[in-house]
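> Sharing the features that TrEMBL gives for it:
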type   : residues : note
REGION : 131-140  : region 'SAM motif I'
DOMAIN : 132-230  : domain 'Methyltransferase type 11'
REGION : 194-202  : region 'SAM motif II'
REGION : 221-230  : region 'SAM motif III'
Amino acid sequence: MTSMLLSSTSQTQIFHNIRTSQPISHLHPYRTTCLAPLPCRSRSIRCAGSTAVADTASTRELKQGIAELYDESSAVWEDIWGDHMHHGFYDPDEVVSGSDSDHRAAQFRMIQEALSFAGVSEDPEKGPKTVVDVGCGIGGSSRYIARKYGAKCQGITLSPFQAQRANALAATEGLADKVSFQVADALEQPFPDGQFDLVWSMESGEHMPDKRKFVGELARVAAPGATIVIVTWCHRVLGPSEESLQPWEMKHLKKICDAYYLPDWCSTADYVNLLESLSLQDIKTADWSQYVAPFWPAVIRSALTWKGLTSLLRSGMKTIRGALVMPLMIEGYKKGLIKFAIITCRKPE
């Protein structure tokens with residue numbers, strides 16, 4: 001599918017380039033256990049299972065909840081929306097039809113736009129050859145990238161169902177020699193240092209209870225010169241005089257956290273601070289909220305069909321609870337509280 005790229009004018013408006021800081025002396029740059037806590041002024045948000053990163057019991061409970069949510073809901077999502085478990089990318093003010101094929105095309109486009117934003121070459125000969133897909137869902141991104149570039153992709157997820165289904169789809173599509181998936185923790189990835197030339201995280205960062213460790217692991221497994229792509233949900237950047245979000249904003253996010261097993265939210269600026277602390281280079285961010293605006297209304301419409309309703313009722317309470325808070329996502333976007341962010345960078349050579 002041909003990607004419809006942003007114009008140079010809109011790129012100028014939404015891209016934010018940041019020069020990175022110098023390496024932190026005397027520390028392994030990607031061993032984040034040595035680093036100070038994230039200086040995030042929004043730490044007052046405490047959501048389901050995230051009373052403290054150091055609280056291992058809460059962290060275990062959170063991870064178990066995430067795994068069970070996706071074990072329960074992934075088959076429903078695939079049946080209705082296909083194998084890409086992430087937002088679609090649409091033109092601003094686009095009149096979007098109710099066609100499932102249109103929304104699935106927008107999900108393909110999201111992958112291509114993210115690759116383009118990160119500066120990944122369109123040329124298969126110059127593209128990535130080793131890829132890790134962190135929070136891989138049922139493997140949609142990995143299979144897309146493997147086909148596009150002939151790359152070897154490894155995906156990790158907390159959900160046993162997702163890993164099994166992703167491997168089954170890879171075998172069905174003749175990609176078992178290119179892609180593989182396993183159950184593993186993104187905060188303790190089962191890979192050696194410097195293994196991948198593309199590190200990909202499509203809408204998994206919001207589930208990470210320790211954002212510093214999450215980013216540190218992405219950087220650790222990246223090869224020298226590798227590209228790191230993080231597409232994630234964030235809250236708005238705090239103003240200069242703000243110490244935290246407003247009470248109504250924290251209450252709003254708390255309801256979403258409880259349904260989707262999300263820990264503390266952070267802003268794009270917090271991610272930038274983390275990347276800078278690891279001396280990563282060519283950091284770019286953009287707010288793509290306007291490009292994903294049609295997504296949640298479309299998901300709600302599909303859930304209200306006979307097929308959607310019967311699938312939800314069969315799936316279980318975690319999936320139903322997630323469906324009930326979807327209007328809160330729309331409201332959060334409209335009020336400027338929730339931001340759909342892309343953050344990319346490069347590991348130094």
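Heads up, the Cβ atoms here are built off N, Cα and C, so glycines get one too.
The shown structure was predicted, so the numbers you read here are calculated from the model rather than taken from an experiment.
For each listed feature, how buried is it and what is near it?
Averaged across the region 'SAM motif I' (131-140), pLDDT in this predicted model comes to 98.
The residues of the domain 'Methyltransferase type 11' (132-230), classed with DSSP into helix (H, G, I), strand (E, B) and coil, number 40 helix, 30 strand, 29 coil.
Under 8 Å from some Cβ of the region 'SAM motif II' (194-202) lie the Cβ atoms of residues 86, 110-111, 114, 120, 128-135, 137, 141, 145, 151, 154, 186, 218-232, all in the same chain and six or more residues away from its ends.
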> Give the nonlocal contacts of the region 'SAM motif I' (131-140) in its own chain as ranges (CB under 8 Å, at least six residues past its ends).
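Long-range Cβ neighbours of the region 'SAM motif I' (131-140): 70, 74, 78, 82-86, 107, 146, 151-157, 162-163, 165-167, 169-170, 179, 181, 186, 189, 191, 195-205, 207, 217-218, 221.
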